[in-house]
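Notes for the one structure printed next.
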Amino acid sequence: MGNADYSYPAENVECSHRVAIPPPQPFTKSFANNLKETFFPDDPLRQFKNQPLSKKLKLGVQYVFPIFEWGPRYSLNFFKSDLIAGITIASLAIPQGISYAKLANLPPILGLYSSFIPPLVYALMGSSRDLAVGTVAVASLLTASMLGKEVDATENPTLYLHLAFTACFFAGVLQASLGIFRLGFIVDFLSHATIVGFMAGAATVVCLQQLKGILGLEHFTKSTDLVSVMRSILSQTHEWRWESAVLGCVFLFYLLVARHCSTKRPKLFWISAMAPLTSVILGSILVYFTHAEKHGVQVIGHLKKGLNPISITHLAFGGEYMSTALKTGIVTGVIALAEGIAVGRSFSMFKNYHIDGNKEMIAFGMMNIAGSFTSCYLTTGPFSRSAVNFNAGCKTAVSNIVMAFAVMLTLLFLTPVFHYTPIVVLSAIIISAMLGLIDYNAAIHLWNIDKYDFVVCMGAYLGVVFGSVEIGLVVAVMLSVLRVLLFITRPKTAVLGNIPDSRIYRSVDQYTNANNVPGILILEIDAPIYFANSNYLRERIIRWIDEEEDRIKSSGESTLQYVILDMGAVGNIDTSGISMFEETKKTLDRRGLKLVLANPGGEVIKKLNKAKFIEALGQEWIYLTVGEAVGACNFVLHTYKPKSTTDQSEPWSNDSSNV
């Protein structure tokens, strides 16, 4: 095969522009550039360039504490908006804080503590104007699930409490470290599909566990999977309390109706925001006057007055349970970070401003470290509370400060009011909030757009619902990593054809009117070439050639003589990739085919040159564009002449067709 029986006059081949090889660059400079792109893609030090020392100090303080940047521009009109928003989210934060603390098997008062100190820290260090800080259901469930496996919260409440503080500390250290060392890209391994499935699964599990409160059960399984929960519920039908169930269903219906009204008419957001606190007040009044606690309706009981006690001395850094606290802190910290940053970015897009992901990580980390010292457990930026803050018209993070002061007043004066709050109302509040996290529309969207993303989503969901929260998270991350590996190890390749009446070459699968070029096979490689995919690409290229030759034989077209590789999408290559090219060239030479490269990038051509591959291939067989490569090959195919028997030169020699 090939044109071994022919030669062609080299002087008649038209010349094109030569593919440039980038000038050599010192390794230290190249390494520094790669390091900068990896850890400092946003160039955070740019604002410090060419500034006097005093200005640099001022900018440094503003970078760490953004409040000093926007604070001088703060106005009374802004405060009016933030005051309304802060009071509104406080009305939601108080009942939610108590509810989520119960979900974490912690004293209810910790939910209020966690809505006081962390929001103040975030207001100083956070870059989001709309994020409302507080506890979240998923992190609370994870805390209960992971710590509960080692320590029983009922039998050993003090140790369990200390481990919760320690886990919060480790989560804060992890979050702050990721921000300080610019490692936020690690969180990106939790894809959108992963988060949708995981959150929906966790919400389902949380709702199922709240049936304990709705039905007034005193004994309940510690497992979180669907089978165990349903077995526990159905095996105790004789202990169901109809009074509690009726009360729970009534308040749940009220909460869902309130949320529906706010969804249909966003201006009525305050109805949904006030509904949880209204439910707590009405439920407490009902229990107080009817003495329902004597008829099977469980109540919160005594909540002590006073601000957050110091808990730094209670952190359990030693002993057999430290590893449990560390593992809990890492898992809950990553989940809380992913949720908080995703929520912050979502609302920043609505108001057209930018939030710094790494600064957010530092802010989250510092508020959780401070929280672990002041009797708080893990906090982040929950969607429901942030949505209320956004709809209430907040202007800055001062709304968090207002909320914190409202919670402070509650801690100082109003905690006795919550003594008669029925547990069933807290369960209804949690269920109504969790139903909003089951985003079935997002799952349908994933199915319509990308089936593999849907599989990742459902893997996370089913793993949480039928296994555990940890299993669901591991399954989701593994599926996401598997997809990344598939992208890397099995990159896309495509046959290109000519768009009629043009010099444009596109995939024949995408453009059905694209025509194959006789005697030439054009292949596009759509990924960097590394050790992980080099063998696959070599085999895939040979398979494309075999398929093309079979097609030519069946159609009776002219024989295949050139293989052009479009390398426009090959951003980089390693030594394994270079070896792949060398082996592919040898294989093609044995089959009488000529390898031609088109549009190689600077990094690729530089490495190919250092490896002497360009010298082996010939500079004249490297082109700027696919069009130029096809033109040169066509010129050879249509201007060759029969080769004389005495001419022993290489059929591919073409010294003047330089590119």
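In case you wondered, yes, glycine gets a Cβ from its N, Cα and C as well.
Annotated features, as they stand in TrEMBL:
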type	residues	note
TRANSMEM	83-100	transmembrane segment
TRANSMEM	106-124	transmembrane segment
TRANSMEM	131-148	transmembrane segment
TRANSMEM	160-181	transmembrane segment
TRANSMEM	193-211	transmembrane segment
TRANSMEM	240-257	transmembrane segment
TRANSMEM	269-289	transmembrane segment
TRANSMEM	330-350	transmembrane segment
TRANSMEM	362-380	transmembrane segment
TRANSMEM	400-418	transmembrane segment
TRANSMEM	425-447	transmembrane segment
TRANSMEM	459-482	transmembrane segment
DOMAIN	510-633	domain 'STAS'
Best-packed against the transmembrane segment (459-482), counting Cβ pairs under 8 Å over 83-100, 131-148, 400-418, is stretch 131-148
Residue counts for the domain 'STAS' (510-633) under DSSP, helix then strand then coil, are 63 helix, 21 strand, 40 coil
Here the stretch out of 106-124, 240-257, 330-350, 400-418, 425-447 with the most C-beta pairs under 8 Å to the transmembrane segment (160-181) is 330-350
Per the Cβ filter (under 8 Å) with a sequence gap of at least 6 from its ends, the transmembrane segment (240-257) is approached by 213-217, 275-276, 279, 282-283, 286, 292, 295-298, 422, 424-425, 427-429, 431-432, 435
Quick one: do the transmembrane segment (269-289) and the transmembrane segment (425-447) have at least 3 Cβ pairs under 8 Å, skipping pairs fewer than 6 apart in sequence? yes
Near the transmembrane segment (362-380) in space but 6 or more residues beyond its ends, with Cβ under 8 Å, are 64, 101, 104, 106, 110, 113-119, 121-122, 125-127, 133-136, 139-140, 143, 164-169, 171-180, 308-312, 315, 332-333, 336-337, 339-340
Stretch winning on C-beta pairs under 8 A with the transmembrane segment (330-350) (pool: 106-124, 131-148, 193-211, 425-447) is 131-148
For the transmembrane segment (83-100), the distant same-chain contacts (Cβ-Cβ under 8 Å, at least six residues beyond its ends) come to 108, 111-112, 114-115, 132, 134-137, 140, 270, 273-274, 276-277, 279-280, 300, 382, 384-385, 388-389, 392-394, 398-403, 405-407, 410, 418, 421, 425-427, 429-430, 433
Spatial neighbours of the transmembrane segment (193-211) not adjacent in sequence (6+ beyond its ends, CB under 8 Å) are 103, 137-138, 141-142, 217, 220, 224-226, 229-230, 233, 335, 338-339, 342, 427-428, 430-431, 434-440, 442-443, 446, 450, 453-454, 456-465, 469, 472-473, 476-477, 479-480
Long-range CB partners for the transmembrane segment (106-124) (under 8 A, at least six residues beyond its ends), listed in sequence order, are 65, 67, 90, 93-94, 96-100, 131-135, 143, 153, 157, 160-161, 164, 300, 303-304, 307-308, 363-364, 366-368, 370-371, 374-379, 397-398, 400-401, 403-404, 407-408, 410-411, 415, 418
When pLDDT is averaged across the domain 'STAS' (510-633), the result is 92
